[in-house]
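Asks: If you scroll down you'll find the structure; I have some questions about it.
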């Protein structure tokens, strides 16, 4: 309701999350690296003019450009800084009082024929209080001087970014005797005068001098840690410098996790076409609905006045047509996509940075585990990894991953390593499930392939269009899609070996193992040949799907991180189904999977392996080193979990319907969280209800889960229409889809050209 000028909020309001993380009101602050700072400030001249506090801010600012800078030089003199590699010039000009000298310096910039500083940061007052012993005359003179300077600053603000830094409070108990006259009461009086004068001019509405008042809020929380009661501790100065960098650079570099000071991105051509499509679907559905209502009224039974009986219409009400169902699905999808856009592109709702604490992660985990155990039911079948059990597995893993994302737990390495195992477990299920289907059913038809690809990719393709994001941005869907294709190709190419054929001759089992070994060799080769991998996925049009930020490195990293686990899933399925066929396993209700002795030994080994992996993951010190080992060792904990979950008969015979419900919509939950639960493409948190974090999470979670469930239903409905079982019709639909994606590539190329 107060407008969407997040720059005003960034400069004037916020709070601390914990001790060091500053959270501006309503928006997210990006943490700039020195390379990003140089890129933003290239060929720029920045001037800091003021007293020792401004000098501190100057040093913190240039350390963002060059962290090696040391605070040395004449404290009461001018200090120059230059980065020749990026042609950045930053000057500190020593003017501790707002007086004629400062006015003359500022006036010289307004009159100079040479280029003015691009950014000017000014502020002073404590010296005036100290030198004049806090007299009222000094305050009066300060008002006169700042009144004379204000028009000059406004003139500079027409072509430069001008900031006036208000005075921070002091910690009066720590001040030396020579500074005792600098009281917070005096500082407030000087700040009030500066704000009133700088904002009084009518000219200032066009050329605004930005008042940097947020430093006062930061100082109130941290001034107690000051070394002398006057100057801020280093962490607070760094926060102020980072705020300055965000104010100026966010609109230039547009970082995803820096929503402060970023304007709403303009609608792309593809987004406009999508809006038109959903609008036409809505209009079409309304027209069909009106026609049906009109026909229903005409055919409505009417009462015969002579005998009082109803005359039944000759024509019955028609069933819902395919076109109506299609338009109805697109209408719902259009409304949902509007909500997606408003949440994460329109700057309508607030966004906040994540902040990790152990309690914010582990307490919700305990809560959902209790709920999951409470909703325990008997399974319909007691086979290993039956449908209800795999849905349950997907469900609790997805809920843990969601809590991991919203709590920002990726900063805590032990949690990160365990979450990597959960992602690997999803891919393990991909290998297990698809291999089992093709091995048992022997169905390699186009219909099956198209159904799977449609269900996996429909939502992501729509989001790529509506949210203007590349396909690879939603990395998990490309990952499972490519692995599905790899599994299909491995099993479908000659000779096609399925269970029915292998049962007649054991030779075919060796043939299948040979296929799996060949697949493993290909995976091994690509994992150690980044160049070959990147060449394969850099060919057009594959590059359009797998490039992110102009290269395929992110895709290479994601693929390599879990490169073996799908193979492990396929191998496990093959061994399990072979043992099941030979009746080695006992899968009756309540029966242990093996004999009592074997079951106990395997259960002990599984628990030991599970705990050993957790101890190793918890002792990780370096993410890069642990990621290198992860592809080879993640299967240990996955297999340990599968055996623990399935060896005891009772455990295998029950499941959590609570987790299974979420498991059925796990893919939609994973994708939807990017924009309507988290914010700024998962970098922050969506805030629908400011000031009430728990209530906000409850409301946004309820909407998020409902939307994911609805999208799952829409996807299932559209899959039946778009991917029919009839082969000639399916071929026509595939040609239409090929035309659609060709048009999408064409419009994407036009968009890219216009951006460049």
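Here the Cβ of each residue, glycine as well, is placed from N, Cα and C on the backbone.
Grabbed the feature section from TrEMBL, which reads as follows:
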DOMAIN    22-92  domain 'NXPE C-terminal'
DOMAIN    254-734  domain 'Cas1p 10 TM acyl transferase'
TRANSMEM  273-291  transmembrane segment
TRANSMEM  355-375  transmembrane segment
TRANSMEM  395-416  transmembrane segment
TRANSMEM  423-440  transmembrane segment
TRANSMEM  446-466  transmembrane segment
TRANSMEM  473-495  transmembrane segment
TRANSMEM  507-528  transmembrane segment
TRANSMEM  561-579  transmembrane segment
TRANSMEM  599-617  transmembrane segment
TRANSMEM  659-680  transmembrane segment
TRANSMEM  692-711  transmembrane segment
TRANSMEM  731-750  transmembrane segment
Asks: Return the stretch with the most CB pairs under 8 A relative to the transmembrane segment (659-680), choosing among 395-416, 561-579, 692-711, 731-750.
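Replies: Against the transmembrane segment (659-680), the leading stretch is 395-416.
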Asks: Mind checking which residues of the chain, 6+ beyond the ends of the transmembrane segment (507-528), have their Cβ under 8 Å from one of its Cβ atoms?
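Replies: Same-chain contacts beyond the flanks: 486, 490-491, 495, 497, 501, 536, 560, 563-564, 567, 570-571, 574, 578, 631.
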Asks: Could you name the stretch, out of 273-291, 446-466, 561-579, with the greatest number of CB pairs under 8 A to the transmembrane segment (473-495)?
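Replies: Ranking 273-291, 446-466, 561-579 by Cβ pairs under 8 Å to the transmembrane segment (473-495) puts 446-466 first.
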Asks: Is it the case that the transmembrane segment (423-440) and the transmembrane segment (561-579) have 3 or more CB pairs under 8 Å, with pairs at least 6 apart in sequence?
Replies: yes
Asks: So which residues does the transmembrane segment (446-466) touch in its own chain, when a touch means Cβ under 8 Å and the partner is 6 or more beyond its ends?
Replies: 270-271, 274, 333, 337, 340-341, 434, 437, 473-474, 477, 480-481, 484, 488, 667-668, 671-672, 674-675, 711, 715-716, 718-719, 722-723, 725, 727, 730, 734, 744
Asks: What same-chain residues lie close to the transmembrane segment (561-579): Cβ under 8 Å, and 6 or more beyond its ends?
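Replies: 384-385, 420, 423-425, 427-433, 435-436, 439-440, 479, 483, 486-487, 499, 509, 512-513, 516, 519-520, 523, 526-527, 585, 627, 630-632, 634-635, 638-639, 642.
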Asks: DSSP says what for the domain 'NXPE C-terminal' (22-92): how many helix, strand, coil residues?
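Replies: With helix first, then strand, then coil, the domain 'NXPE C-terminal' (22-92) has 22 helix, 19 strand, 30 coil.
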Asks: Over the domain 'Cas1p 10 TM acyl transferase' (254-734), what does the predicted model average in pLDDT?
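Replies: So the average pLDDT across the domain 'Cas1p 10 TM acyl transferase' (254-734) works out to 92.
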